[in-house]
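Asker: Take this structure first; my questions come after.
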Amino acid sequence: MFSRSGDTHVGVRPVCIGYHAFLAHESLLPNTSSDGTNCTASEYYQDDQLCRGHSQLYEKEVVVVVKVVVEVAVAVVAVVAVEVVVVILVAVVIVVFVIVVIVIVVVVVAVVAVVVVVVVAVVVVVVVAVVVLAVVVVVALVAVVVVVVVVVVVVV
């Protein structure tokens, strides 16, 4: 609230919160001061400029609030984005780890299978060799016995 002296009267003017508020109450304010006397055109103009100034100040405050809200929203989005990236990276690491474990298990199973096949093959070869050798020995012994029997029969 302010007062002006030197005009046609001294009156206390209402202070506008914003120019739109001034326009909303224009039917009550423009030609009447708070003491009920009529305002001059210059006072009306000064009131109008005062209200415009308050409106600009209010708009600046709104812009600051909007900027703060936008900055907070951007910060929240950035934090959420970082968290999403971290979650995705952790998921990728887990998937890669699982794939590596599966590959290791498959390789180990394959190596064990190859070792088992080789061992079984060696055992089979050894068993077959022993059996063949045994058969050869038996045949040789039978041949020796037959030769001895033939020699004994011929000599006697």
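Note: Cβ is positioned from N, Cα and C throughout, glycine not excepted.
Found this in TrEMBL, in case it helps:
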TRANSMEM  62-82  transmembrane segment
TRANSMEM  88-115  transmembrane segment
DOMAIN    88-156  domain 'ABC transmembrane type-1'
TRANSMEM  122-155  transmembrane segment
Asker: Would you list the DSSP helix, strand and coil counts for the residues of the domain 'ABC transmembrane type-1' (88-156)?
Answerer: 68 helix, 0 strand, 1 coil
Asker: At a C-beta cut-off of under 8 Å, are there same-chain residues at least 6 beyond the transmembrane segment (62-82) that contact it? List them, or none.
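Answerer: Same-chain contacts beyond the flanks: none.
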